[in-house]
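Worksheet: one structure, shown below.
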């Protein structure tokens with residue numbers, strides 16, 4: 001291929017991008033801009049999937065200004081084409097440069113292939129038609145971006161994701177309590193933004209300890225391949241890049257990095273700020289602290305990022321726990337114009353408290369007090385509420401229920417932070433199991449006592465070493481086997497033998513401890529174990545998780561390091577052994593959270609074997625008796641940990657001082673109850689109602705559940721694999737193994753590894769076995785598989801015999817599939833209104849369309865394959881007839897496409913105008929509606945209608961059918 005600036009090419013893999021212009025060429029790469037879609041692509045010159053567009057004499061072409069002309073001659077100047085053309089509107093003859101060609105372009109390739117004997121099989125034609133039909137359905141589906149997640153269908157998560165994910169530029173604070181799925185909500189919002197074309201470049205900033213958890217969650221749950229950035233990665237990039245001033249953040253689209261790294265490395269911080277991202281996610285946002293006098297460095301960095309990144313998701317489980325000022329400051333990061341003054345914010349929040357109390361009364365179906373009616377009237381001052389209040393006093397229960405809901409909905413719309421803050425609590429969501437704790441105090445072995453004494457003589461604090469005595473002992477003698485005398489090991493063996501039918505998760509502090517425990521359990525009792533730690537690759541961890549999940553022949557116990565288990569959930573197990581205790585309440589909750597998730601159906605039993613009168617026992621007692629963190633979630637745990645840290649450290653270093661410790665535990669418990677009461681009193685019922693989604697969220701979950709059970713997905717996918725040439729083997733338990741073969745129609749099938757992959761269509765099985773690929777309409781393997789078919793040449797032409805004794809032999813039918821589409825920027829999301837839409841015609845020799853009378857599947861059952869040489873001869877014989885039928889089909893399609901495009905314009909205008917009117921109405925009563933959001937939506941409405949007016953149609957595929965008698 002010879003490239004030159006100004007040449008026009010199309011993408012073979014993304015023909016919806018329209019006609020591209022080469023803007024830059026060098027020895028290694030070619031850059032091409034696609035104006036119709038406002039997209040730029042860079043390809044390797046040696047393997048660019050591009051086709052040169054050159055027209056011939058007699059072809060009709062279109063100028064960018066819209067007028068058409070017929071090519072009479074072609075010339076070449078500096079490798080670019082010059083066309084001598086005659087305009088159809090005024091007959092003028094001019095020279096047209098190829099760079100001036102219209103960016104939207106149609107190719108009538110199917111008939112060209114047909115007349116050059118490039119005739120495909122009939123079953124491939126059927127596959128292509130079904131792929132087009134399913135592609136259209138998926139673009140219009142309200143479940144797109146929600147159903148493909150590997151997770152249970154939790155209504156409040158789906159509600160938040162749908163509500164936020166469909167916004168133009170979402171800027172929200174996700175503040176659900178621990179275990180309610182903030183990461184999942186953020187992932188679903190992100191996925192919808194990616195599907196809509198609004199987020200190509202994403203930066204996730206998290207604490208260092210959560211980097212791998214996010215990496216695994218994004219990959220396993222959403223099939224999003226993020227890159228982990230640290231100093232080593234940045235330096236490696238600098239070493240391999242030829243440019244001196246290179247920015248590593250420009251090298252990937254989906255990036256995860258730690259906040260600590262950006263803070264400690266000014267150069268990386270500057271580089272991150274110089275990069276254009278579309279969406280920012282910040283986890284553990286409560287670490288961002290602010291006051292009118294000063295802000296911490298973490299806050300200042302995130303503030304700089306939020307000023308230049310249009311979409312922002314902040315995640316925290318403790319929105320107001322660390323003070324109203326910091327809570328206000330986090331909201332200020334999302335909308336500085338709305339949250340401009342702290343005192344005004346406090347006054348406004350105080351104003352909403354009586355309203356929240358009134359909502360609670362409405363929910364309880366109790367009569368409203370005069371004060372509550374006044375509070376509602378103050379907020380809904382533009383409405384005449386007297387008829388509604390009278391209706392609440394009537395005896396008509398149905399009318400009362402309707403009025404109550406109307407009032408609640410109106411109050412939610414006007415809530416001060418309902419557009420930017422979402423918070424669900426366990427008390428509001430319900431459905432969680434109990435957590436039952438048991439502490440096992442064991443004697444400290446003399447071997448550990450001696451080791452501690454040796455350490456003490458070396459000047460170290462011996463009590464610190466007693467947190468992990470096995471590590472201390474092993475470091476002193478690498479050949480020693482601490483598991484031969486450690487009573488925790490004997491207790492664990494007995495425990496596992498007594499619960500052979502149960503799956504048990506054991507979490508250790510370090511990977512080495514987990515590995516050595518596996519050796520001990522296998523050698524002493526032959527207990528089947530899987531080991532899971534950070535030194536393993538993701539594939540190795542998948543295998544370990546699968547071995548543990550296997551209910552028939554799998555491991556009884558999974559031995560995991562604390563870091564290794566991040567991002568993994570083992571809800572099929574209900575027994576957790578903490579062989580080592582984590583250092584703080586947040587890490588403890590993360591460990592318990594491996595089992596305590598929404599969807600866990602059994603009570604969780606937590607076991608802590610520890611040494612009596614040791615720092616381990618002190619910490620266990622403080623967690624349990626002070627925080628009650630084993631048996632309840634403790635949202636104020638870290639605040640108490642920081643407040644009580646100095647006293648706790650004293651007792652950890654003096655574990656035998658029991659009298660003072662009992663008083664310390666009592667004071668901690670009192671403080672916990674006090675903070676818990678404050679949090680409960682501060683609960684915003686109005687906010688929780690808006691965050692929960694109510695019945696609408698339940699209906700959304702049910703709709704996905706119904707689609708999960710639809711056999712159409714399974715039938716289409718297996719047919720796709722079969723025709724492409726992917727080998728399929730039943731693997732049992734609702735799963736199949738698919739493997740590439742040397743006879744596939746394509747060199748590579750998207751997402752299919754050389755060694756094959758095991759897939760399932762069952763959500764519950766996918767949750768239990770993370771090594772399986774969970775196939776849905778949203779899965780990249782299926783989306784890319786459909787693209788593979790519809791963007792390539794598979795099934796573009798076909799010829800078949802119609803066995804029907806009622807028709808005269810030799811009756812000619814022409815089945816045509818046209819596609820009406822809009823080649824427009826992805827961010828407009830016009831596929832909501834006009835996705836690539838297949839229109840089927842079935843013409844007889846007179847040009848009559850029989851498609852309505854003869855359905856596709858009905859016709860398919862009567863067709864027989866035709867040998868390729870016979871098909872080629874037949875097409876040559878009837879070519880004049882086919883050309884005449886094609887001309888008649890074009891006339892029919894012109895009117896149908898016009899109607900379809902007009903309907904799409906009306907729908908777009910209605911939907912976008914309705915949303916504009918809603919936002920404008922709300923803005924009058926809710927300051928939280930941003931003006932830039934309204935202005936942006938109006939621009940989208942105008943641009944959408946303009947782009948839809950340019951929509952075009954093309955012949956995608958055709959099938960020649962000749963009748964024959966049985």
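Every residue, even glycine, has its Cβ placed from backbone N, Cα and C.
The shown structure was predicted, so the numbers you read here are calculated from the model rather than taken from an experiment.
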271-274, 275-278, 279-282, 283-286 - the range that Swiss-Prot marks as motif 'DEAH box': 283-286
Extra residues within 8 Å (Cβ to Cβ centroid of 176, 177, 178, 179, 180, 181, 182, 183), ATP: 317, 424
Local Cβ density at residue 183 (ATP binding site) - other Cβ atoms counted within 10 Å: 22
Tally of residues which DSSP labels helix, strand or coil - the motif 'DEAH box' (283-286): 2 helix, 0 strand, 2 coil
Predicted model, mean pLDDT over the domain 'Helicase C-terminal' (488-642): 89
Helix, strand or coil at residue 182 (ATP binding site) [DSSP, three-state]: helix
